[in-house]
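These notes are about the structure you will find just below.
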């Protein structure tokens, strides 16, 4: 009879703690024995706070232009759920949930806002047909990711490049100062997120030496901010394209005077039932 090391065997079970090959710089099980990376887990709080707020304050767009934006907000929340589960357990299943949820957010955004004029010829600028193909691609990439998790990075790159290029193209054509400034802030926030991720991944020894192995926490915070800012920008540009007669405007909630310290949202001034935000001073919309 061959003796079996149950601890070692269970470590290969996808649901087991630390069954993932990915482990970030934060030391494991330091705060509590039930959570692997405590600070990396709780730093996902924005993924739970922001989506319901954004659903509420962008309801002009969701009710009159496209209800599908609520799917994007919901998927952003699921990213938080997946990330919490992954960092709490460092399990392979948690890793897959985390990464696949991100892929689905990007694909949902592409399905909703990819310009018809740039769609492949066989789509014939049919949004519904394009969305169907995106869903097929989503399921195929999800299946491949479950078989070989390393493919997630490739898929994110393939999807992220056109999404980023599309946002840059919109901003270059935009003459609304408030919208353009949000685009700049989104780009700066995204760079901060990437720097935080790279620092934790590539310079872990140095981070531990200075006693601060928590840069991945900042990745969660910055990427949550950059993600919702990018989605709001896409909402604005789509509203300007689809319903310009309703005069889409960008405001900050809960008080427009807060500017960058508020949460940006898109309202339709001529919808008749727009969300009321105190002390708003109208900006020229081009």
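Our numbering is plain: 1 for the first residue shown, then up by one each step along the chain.
Even glycines carry a Cβ here, placed using N, Cα and C.
Annotation source TrEMBL lists Ca(2+) binding site at 23, 24, 26, 28, 37. All protein chains shown were included, and the count of other CB atoms within 10 Å of the CB of residue 37 (Ca(2+) binding site) stands at 26.
Sequence annotations record features per position, and here TrEMBL assigns Zn(2+) binding site to 87, 216, 220. With a 10 A radius on its CB, residue 87 (Zn(2+) binding site) counts 28 other CB atoms from all the protein chains.
Per TrEMBL, the feature transmembrane segment maps to 38-55 (among others).
Same-chain residues lying 6+ beyond the ends of the transmembrane segment (67-88) with a Cβ under 8 Å from its Cβ atoms: 20, 24, 34-37, 40-41, 44, 46-48, 50-52, 54-55, 58, 61, 94-95, 97-102, 104-105, 108-109, 111-112, 220, 224, 227-228, 231, 235. Sequence annotations record features per position, and here TrEMBL assigns transmembrane segment to 67-88 (among others).
TrEMBL lists 100-116 (among others) with the feature transmembrane segment.
What TrEMBL lists as transmembrane segment is 128-145 (among others).
Among the features that TrEMBL reports, transmembrane segment is placed at 151-170 (among others).
The transmembrane segment annotation in TrEMBL covers 218-237 (among others). Outside the transmembrane segment (218-237) by six or more residues, the chain places 40, 43-44, 46-47, 50, 54, 58, 61, 69, 72-73, 76, 80, 83, 105, 109, 112-113, 167, 170-171, 174, 179, 182-183, 185-186, 189-190, 192-193, 196-197, 200, 248, 250, 263-266 with a CB less than 8 A from a CB of the stretch.
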Checklist entry - What is the total of other Cβ atoms whose distance to the Cβ of residue 216 (Zn(2+) binding site) is within 10 Å? => result 22
Checklist entry - So which of 38-55, 100-116, 151-170 has the most C-beta pairs under 8 Å when paired with the transmembrane segment (128-145)? => result 100-116
Checklist outcome for this item: Other than 87, 216, 220, the chain contributes near Zn(2+) (Cβ within 8 Å of their centroid) the residues 24, 26, 37, 39, 40, 41, 43, 44, 83, 217, 219
Item to check | Residues near residue 23 (Ca(2+) binding site) in space but at least six apart in sequence (CB under 8 A) | outcome: 90
Checklist outcome for this item: Students should find that the Cβ of residue 24 (Ca(2+) binding site) has, within 10 Å, a number of other Cβ atoms equal to 23
